[in-house]
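Colleague: What TrEMBL shows for this protein is this:
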type	residues	note
ACT_SITE	C88	active site, glycyl thioester intermediate
DOMAIN	4-157	domain 'UBC core'
REGION	1-22	region 'Disordered'
Amino acid sequence: MLPNKMITLSQRLKKQQDQNTTNSRISIRDKLLIKEVQEMLLPTNWYWQGGKFRFAIEVPEEYNMVPPKVKCLTKLWHPNINESGEVCLSLLRQHSVDGLGWSPIRKLNDVVWGLHDLFTDLLNFDDPLNPDAADMYYNSKEVFHKKVCEYVNMYGRD
C-alpha cells in the first residue's frame with residue numbers, strides 16, 4: 001500500500017494556473033519540488049502494514065534555508081506522531097540536539113524518506129512525542145500492535 005502525499009505548493013501552483021494571469025509564473029524551483037514529491041513512493045511495513053497515511057508538507061518561501069512543515073493528516077497510533085498530527089523527526093528541526101537537523105543541502109526527498117523511516121528504522125520509543133503509545137509498547141507489544149491495527153483499520157484505509 002502506498003500512502004498519499006499532499007503539498008500546499010501544488011495547490012498554490014494549481015491556483016496560479018487557474019488564474020491564467022500573465023504575471024503568474026511558476027518558478028523552476030516550484031516545478032522541481034512538485035516533481036520530486038510526486039515521484040516518491042512510501043511503502044509501509046511492520047506494525048502499520050497495509051495502512052495509507054497522508055502527510056501535508058508545507059514548503060515555505062525560505063526553503064531550503066528552513067525546513068518544510070509536516071503534519072500527518074491520518075490519525076494513527078505512533079510514538080513519534082501524536083494524535084493531532086504533529087511529527088517528531090530531527091531533520092524537520094532548524095536546530096536539533098543530535099546534529100541531524102535541517103540544513104540547506106537537504107531536499108524534500110530527505111523529508112519523505114525520513115517520514116518513511118519513522119515507520120521502520122527511525123521509530124523511537126525512547127523519546128516519544130506520544131508517550132502513551134511508547135508506554136503501551138513497553139508494557140505490552142501485543143496491546144500496542146492491536147491498537148495500531150485498530151487505528152489503521154479505522155483511519156488508514158481508503
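Positions of Cβ are set from backbone N, Cα and C atoms, glycine also.
Since we're looking at a predicted model, the values are computed, not measured.
Can you walk me through where each of these features ends up in the structure?
Modeller: Over the domain 'UBC core' (4-157) the predicted model carries a mean pLDDT of 80.
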Colleague: Going along the chain, which residues six or more apart from C88 (active site, glycyl thioester intermediate) have their CB under 8 A from its CB?
Modeller: N80, I81, N124, D127, P128, L129
